[in-house]
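Feature list (source: TrEMBL):
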DOMAIN    29-467  domain 'Amino acid permease/ SLC12A'
TRANSMEM  32-51  transmembrane segment
TRANSMEM  63-87  transmembrane segment
TRANSMEM  108-133  transmembrane segment
TRANSMEM  139-156  transmembrane segment
TRANSMEM  168-190  transmembrane segment
TRANSMEM  210-231  transmembrane segment
TRANSMEM  252-273  transmembrane segment
TRANSMEM  293-317  transmembrane segment
TRANSMEM  343-364  transmembrane segment
TRANSMEM  370-391  transmembrane segment
TRANSMEM  415-436  transmembrane segment
TRANSMEM  442-461  transmembrane segment
């Protein structure tokens, strides 16, 4: 039997503000949306940099650790997303469960993260297109890709979900072909020479540059999993969050972790760590080394498609986050307006403006811009993930205090309270380590002060306000 509205009035308030958007996402759309958003240049391009920096074994460790970070966060966020499904929920949860100041800070940091990720994916797409068409200026691709993203995000959510489903399907097919080819090369079925795991033994072994190199490449691995939490961002537009979300979250976590770890192992086996870099996709390199030169162009096009698909998902998320900020009076009211198709077009217009920063890569080394962006984004995401875990702990406390049973929750954070506590401690360790790492220091010295400025600034302007417990109409928790 589900808890009554009266019992859950305190924890169900955030639900009402998700009204105004369509509810058309099924578990199929949710899972493929998250897969399509997450699988991008973090694996198709940046994996080469991670292997070059940390070695083949170090790269596997980095991606495994990143998957652990995602599991901890998703386990906490999953409980919130099922119990309180609301579009743009990261900001909404922080506002309702911690304070308005924290909601304001988290919402704007999440929006910056999503919007800048769109820029990073456009930059990565330009890098790949430069390899395919070296005589075409990167600025041309930047403008074309930006216009394409605008068109895709003007579509209603039901059409958007279908578009993203097929985008994600293309990427998953590419990954499957990559895995089959990689296994063929390693076993000698393709190429005639059995490579095996020699790259994990020769030339410095699996960890040629030591632990410090693994730490230095950790943010790039975390960036590859960026977007995992966006499966919950779409909760407010799913048909039946209580049914769809648990299936989508579990399926996604298993799929994405298996996909990344297997791909990194195969790349590490086929490509010597000294030859891996950001100059091109290691996926394309693998097909080339297998003698399938005709497939190189196809793979590069698929990589560009995957990057744009990821950018598409992050633009969707940044638009909904900005919409949610406006709904909670933490952004201009005009950003909460939607068109006849229930698309928040004003929030979309502001979010896409960040794509203009991709133009910088046309005049500065694109690889340098890309590496800085992924480090910055990973540092911001870690801060937001910590807030997610705090929100889950606050939610559980209020849920029990209202006289409800934990067993009634359709999705429960496993090993509670160990999971959120371990997550928060892990995130703090990563942030401290970044401060002492010269290669990552600039990113955290930008992200951390920005977070503090937003939080303190809101407190100074509005005064101290706790979580809103009365201003919203209660709605039954699912």
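Indices start at 1 and increase along the chain as displayed.
Backbone N, Cα and C define each Cβ position, glycine as well.
Here the transmembrane segment (139-156) sits against the transmembrane segment (108-133); at least 3 CB pairs are under 8 Å, leaving out pairs fewer than 6 apart in sequence.
With a threshold of 8 Å between CB atoms, the same-chain residues lying at least 6 positions outside the transmembrane segment (252-273) that come near it are 30-31, 34-35, 38-39, 43, 47-48, 50-52, 55-57, 59-60, 63-64, 66-67, 70-71, 74, 172, 175, 178-179, 182-183, 185-186, 195-200, 203-204, 208, 224-225, 228, 231, 282-283, 285-286, 289. Within the model, the domain 'Amino acid permease/ SLC12A' (29-467) shows a mean pLDDT value of 81, rounded to a whole number. With pairs at least 6 apart in sequence, the transmembrane segment (168-190) and the transmembrane segment (442-461) have fewer than 3 Cβ pairs within the 8 Å limit; the two do not touch. Contact between the transmembrane segment (370-391) and the transmembrane segment (168-190) is absent: fewer than three CB pairs lie under 8 Å, with pairs separated by 6 or more positions in sequence.
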